[in-house]
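Engineer: Handing you this structure, nothing more for now.
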Amino acid sequence: MGKPLFYEIWEKPATSCIIAICSAIWFYIQKHNIGYSHVGLSYETLMEGNYWRIITSAFSHISILHLVFNMSALWSLGVIERLGHIGLGVKYYLHYTILLVVLSGLLVLGMYHLLIQKFKLDYFRRVTAVGYSCVVFGWMTILATKQPSSKLELFGFLSLPISFAPFESLIFTSIIVPQASFIGHLSGIIVGYAIAWGLIHGMNNYWAASMLGWIVIVVVLSLKKSGTYDIEFLEIESVTDSSLPSVRFLSSGNGRTLQMSATTDVGANLV
């Protein structure tokens, strides 16, 4: 007989929080009829300055099956939080989840750029990616490298040897779900190996907090600049010399207004 659910949640606090966040976002998306194009990441939308989509696309799911598959795999991978004795654990999980979200998203865009510019495949300008799969595949790869004897449990009854899980899942999802993002999953695997092999390392509380702070700044500024969300206290204005951005606070009525220069970006959508 398995452990009680509340005990599992206690042992996997970070995983449980991420699943709760993704599920809440899915519910919000369904309730407000939000589509891929509103929250997803594509080459064209990034070229327009919608950098916030790197974050929103990772935590958004449109299909309930997509959500269930990703969260089921993530729940199984939450065992990483209990492996502090081999250098993993909760802190490691949180630190490198931030990296996986950002780096896998950037790598997807880098691959799109290569396919568009080098191979002239303009189709990839409008391909829109959503979902937590990149991060899931990244953690699959890390666990397969660090703890190859582990098992990946899916839906409570399907069990895969973790050592083969990343590439088995990559092929399986590409065949069974034609819309699954092969490039997105592959990006997660590549970043996962880079972390597991120590090519990307050194994350600690300081770097994680710093990175999180910069993510918040970039998300807020890009939301304001793209006109997606009106942030009243923040004003972004262009100056004559766009190569010399300036940032300043000005007193205005009841508070302070941040004004900074910004160049205009160009560029608009499924995986």
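Note that Cβ sites are derived from N, Cα and C of the backbone, with glycine treated the same way.
Just so you know, TrEMBL annotations never went through curation; they're auto-generated.
Straight out of TrEMBL:
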| type | residues | note |
| --- | --- | --- |
| DOMAIN | 49-200 | domain 'Peptidase S54 rhomboid' |
| TRANSMEM | 12-29 | transmembrane segment |
| TRANSMEM | 50-73 | transmembrane segment |
| TRANSMEM | 93-116 | transmembrane segment |
| TRANSMEM | 123-142 | transmembrane segment |
| TRANSMEM | 154-175 | transmembrane segment |
| TRANSMEM | 182-200 | transmembrane segment |
| TRANSMEM | 206-223 | transmembrane segment |
Engineer: Quickly jot the same-chain residues contacting the transmembrane segment (93-116) by Cβ under 8 Å, restricted to those at least six beyond its ends, or write none.
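Structural biologist: The answer is 14-15, 18, 41-43, 46, 54-55, 57-58, 80-81, 122, 124-125, 127, 129, 134-135, 138-139, 142, 181, 183-184, 186-188, 190-192, 194-195, 200, 203-205, 207-208, 211-212, 215.
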Engineer: Quick test of the contact rule: Cβ under 8 Å, at least six residues beyond the ends. What residues does that give for the transmembrane segment (50-73)?
Structural biologist: 19, 21-23, 25-26, 29, 35-36, 39-42, 101-102, 104-106, 128-136, 140, 152-156, 169, 215, 218-219, 222-223, 226, 228
